[in-house]
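Enquirer: Before I ask anything, let me first share the structure, which is written out below as structure tokens.
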């Protein structure tokens, strides 16, 4: 372990954590590291010593007077505050396994009549195995049976008690609860249509369920963040986990059903204290890593999704930290990168990829070629009965190295990253959460603008492929490109770029259930389970770790 604050050239400082906590590697400069931060209203109740944390149910009149609440795509930012954290905190969100009412297609809401199916129990067990080596300090769970049972399976033989919190229950859907979807359409007609098409403004029994849910999620964060812990497991439900991710990121109710949460899907958020105190820096490290393959056929937020853009971060390369910027050249993938690209190609074999676009640089091109070779051998590999043809294109707007090469700060960060990845301090092939925020504002603007142009190119590519059943476009590029594309998909601004993290070899998937011209729905971000033994762990052991 290295000590903190080791001086480096130019007055910069490098802050390192224990090698078992690489996700908390931060780069310090003359200005504090600047994760995008958002805030949440404070709560008066935060007792962590109770086995159950009680919150009164919402009043029927609590939302009756907010018909005129503005629900445009304005992002909630500086108007509210999160409680400060004393040390870096990682929160792992898990949705419960498949329930009996999930299987029946019945609307559950906050009712407590369904239990886990056999498949749901198996999903929970897969998650237990996935998280078995992680030293969580505490587990918060919804009190509903399907979620509490999932928490019990994952928590296993850990000694700490599971805290149940009524605010973690699923969205309250009142008269809808217990109905099959076809029954909801027949009985409620217009109201059910609004629930499907305009959920933030959906009103039933005098309530606005999605608005209430967002308020409840902010209350949950107050209790989670004030708890004296560094590694937290939260087991809850689909809608409430969406609200937890969105409120942490500062996103409003219009993002309901945009950030998917599948059965036993895992999402990870990092909260890092500010040197001056106050609301912590926040980064979404992972979204919806599922026990099964993320590219399996299915619906997206309840709608059939046959149009997809899959963002692939290229495999790691043979970087040379001693080379000057002009000498760095255009390196090929190293052995780890070759493995990462092959694993990604195997994962995508179950999809019929129509086209692959990549940066013209060597490493993204090599990654794209690996995917093409496996796709076009699908018949030989038994994945398809006929040969496939994949169109490949190189898009200059996916190449951001020209921009990075003009920044001494960017070069410094990448050289430090290389040194760390080839030492015993961390075992990683990627940069760490929030590192983009170290870039100069002008550089961020250039990266954001260019990724916006690239995003338009991808949408055009998807549209030009037609409306066939399998319309899949794969884009291969640098992690910064993936983050920029995700931001444009979500209609954010450059200020949000530091709020996302992706690793080398990861994939992120965007569905278009309403077609290429419709809104993108994010199925997963930074999925790495396909990399097997070379995957990035969902979280790291914290027991015994020292302070910075």
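FYI, residue positions are counted from 1 along the chain as it appears here.
Glycine too: its Cβ is placed from the backbone N, Cα and C atoms.
Model, not experiment: these values are computed from the prediction.
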Enquirer: Which of these ranges is annotated region 'Disordered' in TrEMBL: 46-77, 110-141?
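Expert: In TrEMBL, residues 46-77 carry the label region 'Disordered'.
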Enquirer: In whole Å, how far is residue 170 (active site, proton donor/acceptor) from residue 99 (substrate binding site) when you measure between their Cα atoms?
Expert: 13
Enquirer: Rounded to the nearest Å, what's the C-alpha distance separating residue 95 (substrate binding site) and residue 170 (active site, proton donor/acceptor)? Just drop the number here, would you?
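Expert: Residue 95 (substrate binding site) and residue 170 (active site, proton donor/acceptor) have their Cα atoms 10 Å apart.
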Enquirer: Over all shown protein chains, what is the count of other CB atoms within 10 A of the CB belonging to residue 101 (substrate binding site)?
Expert: 20
Enquirer: Given residue 170 (active site, proton donor/acceptor) and residue 146 (substrate binding site), what distance in Å do their CA atoms have, once rounded to a whole number?
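Expert: Checking the Cα atoms of residue 170 (active site, proton donor/acceptor) and residue 146 (substrate binding site) gives a distance of 11 Å.
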Enquirer: Sort out the sequence-distant neighbours of residue 97 (substrate binding site) for me: same chain, 6+ apart, CB within less than 8 Å of its CB, listed by position.
Expert: 116, 117, 119, 120, 121, 122, 123, 124, 127, 146, 150, 153, 263, 264
